[in-house]
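Per Swiss-Prot, the features are as follows:
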type     : residues                                                : note
ACT_SITE : HIS94                                                   : active site, proton donor
BINDING  : PHE24, SER62, PHE63, GLU64, ALA86, ILE87, ILE88, PHE119 : 5-amino-6-(D-ribitylamino)uracil binding site
BINDING  : ARG133                                                  : (2S)-2-hydroxy-3-oxobutyl phosphate binding site
Amino acid sequence: MTIFEGTFTQDPSTLRFAIVIGRFNDLVTDKLLAGCQDCLKRHGIDVNPHGTQVDYVWVPGSFEVPLVARQLALSGNYDAIICLGAIIRGHTPHFDYVAAEAAKGIAAVGFQTGTPVVFGILTTDTMQQALERAGIKSNLGWNYALNALEMASLMGQLRGQVTPNNSQASLPVSQMKNPMISE
């Protein structure tokens, strides 16, 4: 029996990512992006905006993220797409509509295109909760990037582009720790 699990044995220079960032609540999304970039960089990805491995796309808010993610996925140029945003509950039902449609839209992009699309949109009740998840206590941007790395590796294996790693030399993604979380 073959076991497939995302690993980091693939040459990182062959991977390409797109990061779609909602500008609304940029106090939060800027921090998520920094965590994302830190993780990718530590795993050998060139995060320079003028480089060839990561493309950055800014959109007005989380509602617009799925449309742009779909267009990027359809290009076939990316091993994974990371979607970042922050939706903070207010006093109207607007939060519920935006959060639900962003989640459904991002999931649909992955299903329709076969490209891994990471849901990195925070949905919180308060700005404080969002900031805690974007850097005060931990930075979930790191986790979203790690998810993208794992899924890019896993989908590569499932597509037959990369053979599963049976050696003990590499650490499976499930055993990696996020250095940005204070325990």
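Backbone N, Cα and C atoms are what each Cβ position is placed from, and that goes for glycine too.
Features recorded in Swiss-Prot, as mapped to the structure shown.
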residue	record	Cβ within 10 Å
PHE24	5-amino-6-(D-ribitylamino)uracil binding site	17
SER62	5-amino-6-(D-ribitylamino)uracil binding site	29
PHE63	5-amino-6-(D-ribitylamino)uracil binding site	20
GLU64	5-amino-6-(D-ribitylamino)uracil binding site	19
ALA86	5-amino-6-(D-ribitylamino)uracil binding site	28
ILE87	5-amino-6-(D-ribitylamino)uracil binding site	26
ILE88	5-amino-6-(D-ribitylamino)uracil binding site	18
HIS94	active site, proton donor	12
PHE119	5-amino-6-(D-ribitylamino)uracil binding site	20
ARG133	(2S)-2-hydroxy-3-oxobutyl phosphate binding site	21
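Rounded to a whole number, the C-alpha distance linking PHE24 (5-amino-6-(D-ribitylamino)uracil binding site) with the residue listed as 'active site, proton donor' is 14 angstrom. Annotation note: ILE87 (5-amino-6-(D-ribitylamino)uracil binding site) sits in a strand segment as assigned by DSSP.
DSSP gives PHE119 (5-amino-6-(D-ribitylamino)uracil binding site) a strand state. Rounded to the nearest whole angstrom, the C-alpha distance between ILE87 (5-amino-6-(D-ribitylamino)uracil binding site) and the residue listed as '(2S)-2-hydroxy-3-oxobutyl phosphate binding site' is 12. Note: the Cα of SER62 (5-amino-6-(D-ribitylamino)uracil binding site) and the Cα of the residue listed as 'active site, proton donor' are spaced 12 Å from each other.
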